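Annotation comment: Swiss-Prot describes Cys266, Ala267, Ala268, Pro269, Gly270, Gly271, Lys272, Asp289, Asp315, Asp339 as S-adenosyl-L-methionine binding site. Residues annotated as active site, nucleophile in Swiss-Prot: Cys392.
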Amino acid sequence: MKKFSSKTIKAKNSVKMTALSTRAIAANLILQVLDEGKSLSALIPEVQLSVKAQDLPLLQEICFGVCRVLPRLEQIIKRLVDKPLKGKTRIVHCLLLVGLYQLLYMRVPAHAAVDEVVNATKSLKSDSFRGLVNAVLRRFLREQDEILAIIDKNWQTLHPEWFVNKLKKAYPNWREIIEANNQKPPMWLRVNSQKNALETYRTLLEEQGVSSKTSHHPNALCLDIPIAVQKLPHFEEGAVTVQDLSAQWAATLLEPKNEEWILDACAAPGGKTTHILELAPQANVIALDVESHRLKRVEENLERLNQQAIVVCGDASKPDEWLAEIGKSAAKFDRILLDAPCSATGVIRRHPDIKWLRKETDIAQLVELQKKILSALWEKLKPNGVLLYATCSVLPEENCEQIQAFLNAHADAELLSLPFSDDKSAVGFQFIPQPNSGDGFYYAKLLKRAS
């Protein structure tokens, strides 16, 4: 099989987003994920103004798709290009990833996909690569069956080895988690019970030709086919919120009551804050997050649902600082929702770039941060108050092991049972990602005993 050489070709990989094609922008974003450790969730909003509205779904599909199946695409390139495209030529490597993803996974005519990617070399100031890109993609089309037979001979996880090893240790059904992660996520809605009954809103969807199914959660609907949020009936009026099924249990398990003081720690982007206020509209809610720019999303969601909360920028591990700033130094809370900073390994199917951004060394640091926040907020919980600990992780060290260590260190902490857990010996409850169901999520509900 012929390989193509890149050894005599040079290109720049620093390009402006203006006037770039969608494929060129996708290659640039993928480059920033792989080489600079940036997340697609942060990058895509930054370039939305540079992309036509009708092309934004294409950009998202390419970027998230490439990250989802990255190892497979990398192996194909390795078989077709004899020398790695490094340094200033990395942008062309990412452009090949874009082209191969389209050829393998998208309903784009092969000739059109190749032509678009080849033409993108010019706007990326890599026109000297035009011939290489064209030759690699066209040879792949000719020899696709042979190449894939070799690459796919062994079962591929499409995940980093360190993560697979952790799953094998923790879960007998670890392959199910891997397979769910490699699929596109379902679109779940949370129906605002202050506006509509679940079946009433489901009927509104059906009237627009949108089919859905219910679940074991009283406010959740799963769309059979995802649609743009702008097409959801009465979305702007706050009738519905896009939120994963597993995440919808947070406010439900917290059981907020009107007039209570409730802290939503690590609140951005505000899905759980608004759900708390749907369940208890007269509750006094503080929505806290350490990143000020992410709190803008909280404020936007509160405004859309016509709700009120105290939105605070502060470090959850240092509550005395931000409580003093808002004039509530002596305040203690009836309930605390701690959706702790975590590895996000339970939401890989929604954010496949996590597979390549997260490092094994991150886990110990996150565990220590969770421990610090948990202990600090426990001091701000009233006697007989409830703290709900949550993560979107599937790793035991962040979840059941973290909570067991906390229980061992705090005699006033009592683990409460959860309605969907039959195992009385379990420390909290772990959702794993499943097709047509929720993401990976962990919950533990703690009562602070009165002394």
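The backbone N, Cα and C atoms fix where each Cβ goes, and this holds for glycine too.
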Whole-number Å value for how far the residue listed as 'active site, nucleophile' lies from Lys272 (S-adenosyl-L-methionine binding site) (Cα to Cα): 13
Cα-Cα distance linking Cys392 (active site, nucleophile) and Gly270 (S-adenosyl-L-methionine binding site), given in Å to the nearest integer: 15
Cα-Cα distance linking the residue listed as 'active site, nucleophile' and Asp315 (S-adenosyl-L-methionine binding site), given in Å to the nearest integer: 20
Packing count at Asp315 (S-adenosyl-L-methionine binding site) (other Cβ atoms within 10 Å of its Cβ): 14
Site with most surrounding Cβ atoms, counting all protein chains shown within 10 Å, from the recorded positions Cys266, Cys392: Cys392
Per DSSP, three-state class assigned to Lys272 (S-adenosyl-L-methionine binding site): helix
Ala268 (S-adenosyl-L-methionine binding site) and the residue listed as 'active site, nucleophile', distance between Cα atoms, whole Å: 14
